[in-house]
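K.L.:
Could you have a look at this structure, given as structure tokens, before my questions?
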Amino acid sequence: MEQTLSIIKPDAVAKNVVGKIIDRFESNGLKVAAAKRLQLSRADAEQFYAVHKERPFFKDLVDFMVSGPVVAMVLEGENAVLKNRDLMGATDPKKAAPGTIRADFADSIDANAVHGSDSLENAKIEIAFFFSGREIN
């Protein structure tokens, strides 16, 4: 069964829509195999998003991700990576299709409610960043 990482970002946690977002995943065939609420340190956020280090938005992204708690989850199901990305919608909520998580819960391209792995290979790396094998079931 395929697994992917989802992070509910500080903006969505602050709005108390964590349960609504998890319901979207579960009602679309994705099981929450592991979950934890945590506060990312600046070092953690910089390491997690290191692939974007040279991009102009990197500092703002890190600042945002450490601005409040997040909920990291391992989602499991058939085609989990693609299904999660479809449910999230476009990175910019203004361009996200109606009924997607970002269209319904995100405010801007920066405060866009959720992160999801973009490939199976990256999902494995991202899951290992947050979870040990014994935490996933």
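Note that the numbers count up from 1, one per residue, in the order the chain is shown.
Note: Cβ is positioned from N, Cα and C throughout, glycine not excepted.
Pulled the feature table from Swiss-Prot, pasting it below:
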type: BINDING; residues: Lys9, Phe57, Arg85, Thr91, Arg102, Asn112; note: ATP binding site
type: ACT_SITE; residues: His115; note: active site, pros-phosphohistidine intermediate
K.L.:
For a quick check of understanding: given the listed ATP-binding residues Lys9, Phe57, Arg85, Thr91, Arg102, Asn112, what is the maximum Cα-Cα distance in angstrom, as an integer?
P.N.:
21
K.L.:
Quick one, of the binding-site residues Thr91, Asn112, which Cβ has the fewest other Cβ within 10 Å?
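P.N.:
Thr91, out of the binding-site residues Thr91, Asn112, has the fewest neighbouring Cβ atoms within 10 Å.
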K.L.:
Cα-Cα, whole number of Å: Phe57 (ATP binding site) versus His115 (active site, pros-phosphohistidine intermediate)?
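P.N.:
One finds 15 Å between the Cα atoms of these residues.
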K.L.:
Take the Cβ of Lys9 (ATP binding site) and count every other Cβ within 10 Å, whichever protein chain it belongs to.
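P.N.:
Total other Cβ atoms inside 10 Å, all chains included: 23.
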K.L.:
Count the Cβ atoms, other than its own, that fall within 10 Å of the Cβ of Arg85 (ATP binding site), considering every protein chain shown.
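P.N.:
Excluding its own Cβ, Arg85 (ATP binding site) sees 19 Cβ atoms within 10 Å.
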K.L.:
What three-state class does DSSP give the residue listed as 'active site, pros-phosphohistidine intermediate'?
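P.N.:
Assignment for the residue listed as 'active site, pros-phosphohistidine intermediate' reads strand.
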K.L.:
Enumerate same-chain residues with a sequence separation of six or more from His115 (active site, pros-phosphohistidine intermediate) and a Cβ-Cβ distance below 8 A; give 'none' if the list is empty.
P.N.:
Leu5, Ser6, Ile7, Lys9
K.L.:
Look at the binding-site residues Phe57, Arg102 and tell me which residue has the greatest number of other C-beta atoms within 10 angstroms of its C-beta.
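P.N.:
Max Cβ neighbours within 10 Å, all protein chains included: Arg102.
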